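Below: the structure, in structure tokens.
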């Protein structure tokens, strides 16, 4: 399967494409960063990110998209922009009907390094080793996007099956008649 | 001028359209709420909001869009969804080249009620009075969207001129040669 990993951000949105399947070596297809200028209005920056992500999906035709899950407790000065960029990433993928998974930073760290509290350098080093790269992808956002894609190949399908089962159970519950006795 | 006010939210996204200009009575054109089900994946909900907002713009052809500015310090359980929905609102408007302004909740409260700390009931009551409505628009998200549109008519154009001046000044600065002495 081919996965596009997206590390959302307003100034730097990391993108990385990985080919592979569980138990087989993974390959990096492409990696990069979509940058937008802080001088532009936020709306324009979000449109640039939308266009950039659309172009990445168009070029690489991924089977699934993995987006980093953002939390309110993160650094508050940039968190709103990150959340907005992640919303754009989700919409761009969902509009095309692509399966989407969200992974938390600690899930990604645990998946690639075995340690949910690994630092950026450790994650980057593991990405280099897993994908057998000649050098560390830069900036860190690009390496993080690859780490997300790797995480998704390794645990994404199990996740998706789980979510589908939960959705089915919820739907069943709604359909079931209410019994008062 | 016709303004579409958007109070972003994942469960309820308030939308309100107001016609008017400074110093003349304002008219409500339409008001409503775009709802999405909490049972759906976030990406699907954001796509529904995108489609809903596109349909509102298509139908009412506003001259400008006013979106509530969200802050990280707001209620953290829903803030990520609100931020993502606001990102979608900005992109939908920017893609069509519509002028966009963001107003903070306290700016809106101050504009419609004269008090930046007014509560929801006070804001709703002022919206009813300003637009000469027969009843309070419900839910509160719908009234908030109208309040945003009113705020924009009353202070939006001044804001836009200010932002344009700042942008021009920044551009000038970048073009100016660096003088070291």
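The backbone N, Cα and C atoms fix where each Cβ goes, glycine too.
What TrEMBL annotates here:
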- A:7: active site (ACT_SITE)
- A:68: active site (ACT_SITE)
- A:141: active site (ACT_SITE)
- A:7, A:141: Mg(2+) 1 binding site (BINDING)
- A:68: Mg(2+) 2 binding site (BINDING)
A:7, A:68: which of these active-site residues has the sparsest Cβ neighbourhood within 10 Å?
A:68
What whole-number Å value do you get for the CA-CA distance of residue A:7 (active site) and residue A:141 (active site)?
6
In the three-state scheme derived from DSSP, which category covers residue A:68 (active site)?
strand
Secondary structure at residue A:7 (active site) (DSSP, helix/strand/coil)?
strand
Below 8 Å Cβ to Cβ and six or more residues apart, same chain only. Which residues does that give for residue A:141 (active site)?
A:7, A:9, A:12, A:13, A:14, A:33
